[in-house]
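One structure is given here, and the rest of the page talks about it.
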Amino acid sequence: MTFPAWSIAPFVLMLAAIAIAPLVPALAHRWERPRNQLLYALALGLPVAIGVIAAGQGLLVTHAVVEYLQFIILLLTLFVVSGGIFLRGDIAATPRTNTIFLAVGGVLASFIGTTGAAMLLVRPLLNTNSERKHVAHTIVFTIFVVANCGGLLTPLGDPPLFLGMLRGVPFEWTFTLWPEWLFVNAMLLITYYALDRRLVAREAPEDVEIDRTNIVPLRLVGIPSVLCFVAVILTVAFVPSVDATILAHGHAHGMELVPWRELLMLAIAAVSYVIGDKRIRFEENAFEWAPILEVAALFVGIFLTMIPALEVLRNLAPRLPLNEITLFIFTGGLSSVLDNAPTYATFFEMASQMPGAPRVAGVPETMLVSISLGAVFCGALTYIGNGPNFMVKSVAESHGVIMPSFGGYVSRALFNLAPNLLAMLLLFIAQPWWAKALGAVLTVAMLIRAVVLARSGHHTAPYEHERAGIRAAAHGPEPDGPKHTGAIRVVDPGDDVPGGLADDGLADERPGAEGPAPAAAHAAQAGTPSDDALPAASTTASENHHTADLDPGSGVPERTA
């Protein structure tokens, strides 16, 4: 059966709701409730499923439901188990510390999976940065590095690579992609380090002092859950499950119908939840069910409405001009909005019909490289490009971090991730010498941009201290406690960031007491405006603490004060 182009409309509406609903004041409060998200997802997904079944394509629905259950059970298990692990202690949340966190996560992602690495590290990273106000950019780069780009080196790293192994790609073949893995992740870490140096200089001096003086050596606690985490990774790697394709075609019999992997993972999650230390889970990790409920609700709609979209892709793909560069672009672009595993499988099958040598699992190796890189790296371009993306976002928001909207995240990915991917494409995939030269020039430009950004942090810190002194002299000492406790968002025209790396929306505020910020309050009492209370640029944050996104290229960063 050929699906008409309009059949992708429910999928587009699903993506539109995820992108727009949190930004509309009349909808945002209702949209945040997982129950309402589930109702919307089912309102779009169930008619699609019924229509597909009525058209005689019920196998597609069965396949989608099985894959959804496998997906959400893996996320649920890792979410529950990681909630019982805590990195107790407190170290200074310096750019070097945060960069090391991301680097370790990027390495772990290839061996324990992007989902496992992200769930293992996101809470310790949030706890380490608990004294800092600017945290959202760290979570965004966690999604880039840990939840996506780090998982390239083994089939355990990302589902598309595991699917490739099942189709005959040798386990060790993905290790040959280490130059691309190293280049992209190193450039991301350099960019992050420069941006974090810029933003740490903007932290309130008293917050920085608290962060640097309250140092407690790190100690991993929750050993039973650590053992459960190892058991989950081994289960994913070695325990068989139901093959969604075989089951959908009715070829599974006997023990092949038993989802051993998912049953064992649920049992491990239950053990971790029951025997784990409740104080670690609920007090130190602030564990709550809302993040996983949100992911489960939204992705049931995505998986169902995606059925016609994938079929339209399969019908369209043979007519696409395919070479190493276009395969990366098509696979990557579609993986950013569709499930990257079936996207990988679709282009894998198409590439197997193309001429070329040497071949790996029947596919020209150069084309397999492009497909693998596109499926793994480009999943970081949107919140829904890879399973752990939305999970990391939800966990961060449950800890009080105000994350960028769907569109805001995409804009940050385009400014901070896409140039790295373009340089990688030119240096490692493109063949003409001029393309490689252009890639080298782009790489140098990104490094210069990072150096300029990092150096700008040296000039910001004295400025912040000077402003604090001026305010203290003009208005008296500020109240005790953290400086940024209100719900006023201030746009400071003087805080421009070169090279499109403005931290608008990445500068976040943990929800605090309502009311104006201290500087704004003093200014109001004195009847004169202060530099932290600009009437023309200040807006009150909405009840749900979402912040509006500015144009990343505007050079005017947004921050909350």
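Numbering starts at 1 and runs along the chain as it is shown here.
Any Cβ shown, glycine's included, is placed from N, Cα and C.
What TrEMBL lists as compositional bias 'Low complexity' is 513-527. For 473-561, the entry in TrEMBL reads region 'Disordered'. Annotation comment: TrEMBL describes 38-61, 68-87, 99-122, 134-153, 173-195, 216-238, 258-275, 287-310, 367-385, 433-452 as transmembrane segment.
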Fill in the blank from the handout: Near the transmembrane segment (68-87) in space but 6 or more residues beyond its ends, with Cβ under 8 Å, are 115-116, 119-120, 123-124, 127-128, 218-222, 224-226, 228-229, 232, 236, 241-242, 244, 259, 261-262, 265-266, 268-269, 272-273, 276-277, 280-281, 284-285, 287, 291-292, 295-296, 299-300, 303-304, 387-388, 391
Problem - Contact between the transmembrane segment (173-195) and the transmembrane segment (433-452) (3 or more Cβ pairs under 8 Å, separation 6+) - result: yes
Problem - CB contact flag for the transmembrane segment (367-385) and the transmembrane segment (258-275), at least three pairs under 8 A - result: no
